[in-house]
Each structure stands twice: as C-alpha cells, then as structure tokens.
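Listed in Swiss-Prot for this protein:
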REGION    1-63  region 'Required for complex formation with BFSP1 and BFSP2'
MOD_RES   Met1  N-acetylmethionine
MOD_RES   Ser45  phosphoserine
MOD_RES   Lys70  N6-acetyllysine
MOD_RES   Lys99  N6-acetyllysine
MOD_RES   Asn101  deamidated asparagine
MOD_RES   Ser122  phosphoserine
MOD_RES   Asn123  deamidated asparagine
REGION    145-173  region 'Disordered'
CARBOHYD  Ser162  O-linked glycosylation site
Amino acid sequence: MDVTIQHPWFKRALGPFYPSRLFDQFFGEGLFEYDLLPFLSSTISPYYRQSLFRTVLDSGISEVRSDRDKFVIFLDVKHFSPEDLTVKVQEDFVEIHGKHNERQDDHGYISREFHRRYRLPSNVDQSALSCSLSADGMLTFSGPKVQSGLDAGHSERAIPVSREEKPSSAPSS
C-alpha cells in the first residue's frame, strides 16, 4: 500500500471547506461538535475530517504587543487562579508558570500546567512591571519603555499577580 506524504505547506488549516486527513488528526483530543454531525464529516469522504485549527486557536494563545511607549503580554489563563500562577523576571526574560493540582470537573479529574517564556525588549523599565488577572481569565503583563540610553534595571525578581474584578479589554482572537 502506498502512503502519500504531504509537504507541511499542504497541511495548513484553511477552514471547514478544506478538511484535514484523518491521519493528520490530534489523537486523544476527544470528540468535537462536527464529529457528531455525520453530514459534515462524510459529505466529502469518510477518510477526511474537519480541521482542528479553531480548537487550537481557542486553547490559551498569547498576544504580545510592543509599541513605542510600552510592552504588553496578554495570556489566556482562565483555568488558573492567581495563587496558581508564578510570574518572574530573570535577566531579559519574563517567565510565566501556571500549575494547579488535580481537581474534579464534569468529566473526571484534571490537572493543568504550562510554562511560557518571553524575551523583554532591552528598553523596558523592569522596576515598573505589573501583572494582573481579569475576571474572565486574561493575564496582562505590562511594562513601560524608557528612553534609549537609560538603564532599564535588569535583575531577577517575582512579579505579584493582582486580580481585577472586570473582564479584560484585550481583543478576542
């Protein structure tokens, strides 16, 4: 039996009208709404299924903004409380770590952990960094930029995560 090998360029998720091959699926991800609707999955071919692009986009994607005056990171951490999050700055990097122990949900028990590391621009004032968690679970890490030529104060330190009562003003992806 011959198996066709696809170049990664052809594996791009192009939406519901360009399904991915069954062999390209993410095993262990569970069933999705379109898996339960037979006319969507079998209309084209029984060996094709819809792309998981939307699912991947909805799973904790971060957004980094760096403009003239400030540097901001938005990170979706809706499954974590401020006590579960650790944010620290080390040299030119900000490290965000989240971990919660096993807890029960509607489908059984689940534990989550992630670790993100971002490079800070050299002109970010590290003494004025802040981090907050909105009511809808959006973590916002920000710091002002200083004029070039001034010392931005690089050192290792922890940044406390404060909780906001209002939803985030970050744009939805």
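Cβ atoms here come from the backbone N, Cα and C positions, even for glycine.
Features recorded in Swiss-Prot, as mapped to the structure shown.
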residue	record	DSSP (3 states)
Lys70	N6-acetyllysine	strand
Lys99	N6-acetyllysine	strand
Ser122	phosphoserine	coil
Ser162	O-linked glycosylation site	strand
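In this structure the alpha carbons, written CA, of Ser162 (O-linked glycosylation site) and Lys70 (N6-acetyllysine) are 19 Å apart. Cβ-based crowding with a 10 Å cutoff singles out Asn123 as the top-ranked of the recorded positions Asn101, Ser122, Asn123, Ser162.
Of all the modified residues listed here (Lys70, Lys99, Asn101), Lys70 has the Cα closest to the Cα of Ser122 (phosphoserine). Looking at Lys70 (N6-acetyllysine) and Asn123 (deamidated asparagine), their Cα atoms lie 9 Å from each other. Counting every protein chain shown, 13 other Cβ atoms lie within 10 Å of the Cβ of Lys99 (N6-acetyllysine). Around Lys70 (N6-acetyllysine), a 10 Å sphere centred on its CB holds 15 further CB atoms from the protein chains shown. Averaged over the region 'Required for complex formation with BFSP1 and BFSP2' (1-63), the predicted model reaches a pLDDT of 52. Recorded residues Asn123 (deamidated asparagine) and Lys99 (N6-acetyllysine) have their alpha carbons 30 Å apart, per Cα-Cα distance.
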